[in-house]
Each structure stands twice: as structure tokens, then as C-alpha cells.
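Record features (TrEMBL):
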DOMAIN    56-83  domain 'C2H2-type'
DOMAIN    84-111  domain 'C2H2-type'
DOMAIN    112-139  domain 'C2H2-type'
DOMAIN    140-167  domain 'C2H2-type'
DOMAIN    168-195  domain 'C2H2-type'
DOMAIN    196-223  domain 'C2H2-type'
Amino acid sequence: MPDSKLAAVGVAGVGAEQAQQLLVGEAFSLAVPAGDAVQDEQASSKETGRKARRGFNCGECGQRFRTESGLRDHLASHTEGGPHSCGVCGKEFSWKWHLVRHSRIHTGEKPFKCDVCGKMFAESGHLVKHKRTHTGEKPYKCGECGKKFAVSSHLVTHKRIHTGEKPYKCDACGKAFSDSSALLVHKRVHTGEKPYTCDVCGRAFSHSASFARHKRIHAAKKL
């Protein structure tokens with residue numbers, strides 16, 4: 001956790017450990033009403049008449065928890081600070097297993113393998129999401145229009161179509177977006193960045209869709 005945040009809380013007479021707990025609690029209280037931590041109810045055909053299963057999803061990484069307390073504990077992993085420090089970059093973590101997971105960024109280790117296509121992943125949660133591309137499972141359903149999604153964060157973004165919420169604002173022109181990736185693409189209008197370069201003619205593009213259309217021109221010429 002940044003010292004500035006701890007110091008700010010410490011002025012009010014709260015210790016470092018309590019300060020971290022307060023920040024985690026704040027993150028949770030903000031996440032749930034805003035929809036960034038999605039509470040979803042799902043009832044399968046086999047559970048007719050039974051209470052629907054409840055789950056709490058982290059808005060930061062999409063990981064799902066059965067209990068509110070489980071999500072609350074997990075949110076601490078997204079705050080800096082803790083007794084376990086990375087020997088490469090110095091980042092600190094509250095739990096050792098979070099450090100182990102983080103260390104894979106530096107080592108490149110990917111211990112979780114898809115038994116269908118063989119693709120490797122650094123985190124088990126990423127493997128779970130990936131396997132839905134093979135199974136077609138879409139467990140996250142919009143209560144407004146019924147559209148289903150394989151990833152909880154995609155549902156969060158989709159729901160903004162109905163609410164009109166646009167939390168991502170361009171600091172250059174003030175234009176707002178419902179999706180962080182849309183803001184990223186928009187910013188290239190101001191920066192002039194063109195990250196997609198054609199390996200045939202060298203032409204560069206700021207949008208992947210424009211790049212894809214351009215490549216089809218070369219492909220058609222080869223026919």
C-alpha cells in the first residue's frame with residue numbers, strides 16, 4: 001500500500017494494519033453498488049424449487065467467490081502492501097500465495113494447461129475462463145435483456161448500455177466511454193499512435209478493425 005494512503009489514514013490515529021482493512025472495506029463498498037463486483041443469482045434446471053446459487057465476482061479480475069467475506073479478503077490482493085515482498089520488483093502482498101502468483105509475471109511460468117487445446121495459463125482462473133471458449137458456457141446473464149456472457153467483467157461492461165454509465169473519461173477532450181478499451185483506442189486520436197503495422201506494405205493503423213480490413217486487400221490480390 002502506498003505510504004501516502006497509510007499516512008493519510010494514520011493522521012486520524014489508525015494503525016497501518018487497520019488502515020489496510022479500511023481501504024479493503026472501502027473498495028468492497030464501492031464495488032457492489034457500482035456493479036464492479038457483480039452479485040449474480042443462477043438457478044439451473046436441476047435446482048428447480050431450490051434457492052438459487054449466489055456468487056460475488058471481483059470487478060478487478062473477475063474471480064468468483066461464494067461468500068461476501070471471501071470477496072472482501074480477495075480485494076486485499078488488489079491493494080499494495082503486506083509482509084510478502086517480490087524479490088524482483090519489490091511489490092508487496094498480504095498473502096504468500098498472491099506473491100507466488102505474481103512471481104509468474106517475472107518467471108513466465110504457466111502451470112495451468114487446457115486439456116482441449118493445450119494452451120497454458122499462469123492463473124487457474126484464466127484457465128477456467130478460457131475453457132468456456134470450448135464449452136460455450138456463458139454463466140453470466142443480464143437481468144435487463146437476457147444476454148449471456150462467459151466472463152463477468154463483460155457483463156459489467158454490457159450493463160452500462162442499459163444504465164448509460166460512462167466511467168472512463170478522456171483527459172484530453174473530456175469524451176466519456178463505457179469501456180476502458182474504447183477509451184484506449186480513442187486516445188490514439190490525440191497521440192497519433194498506430195500500433196498495427198502491415199508486414200506486406202508497411203502501412204500503420206490505429207484500429208485493429210481497420211488493420212484487418214487492410215490485410216484482406218493483400219489476401220485478395222494473391223487469389
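Yeah, the Cβs are placed from backbone N, Cα and C, and that goes for glycine too.
Look at the domain 'C2H2-type' (84-111): DSSP puts its residues at 12 helix, 4 strand, 12 coil.
For the domain 'C2H2-type' (196-223), the residues of the chain that approach it from at least six positions outside its boundaries are 185, 188-189, judged by C-beta separation under 8 angstroms. According to DSSP, the domain 'C2H2-type' (168-195) comprises 12 helix, 4 strand, 12 coil. Restricting the average to the domain 'C2H2-type' (84-111) gives a pLDDT of 88. Using DSSP to sort the residues of the domain 'C2H2-type' (196-223) gives these counts of helix, strand and coil: 14 helix, 4 strand, 10 coil.
Remark: secondary structure over the domain 'C2H2-type' (112-139) totals 12 helix, 4 strand, 12 coil, with classes taken from DSSP.
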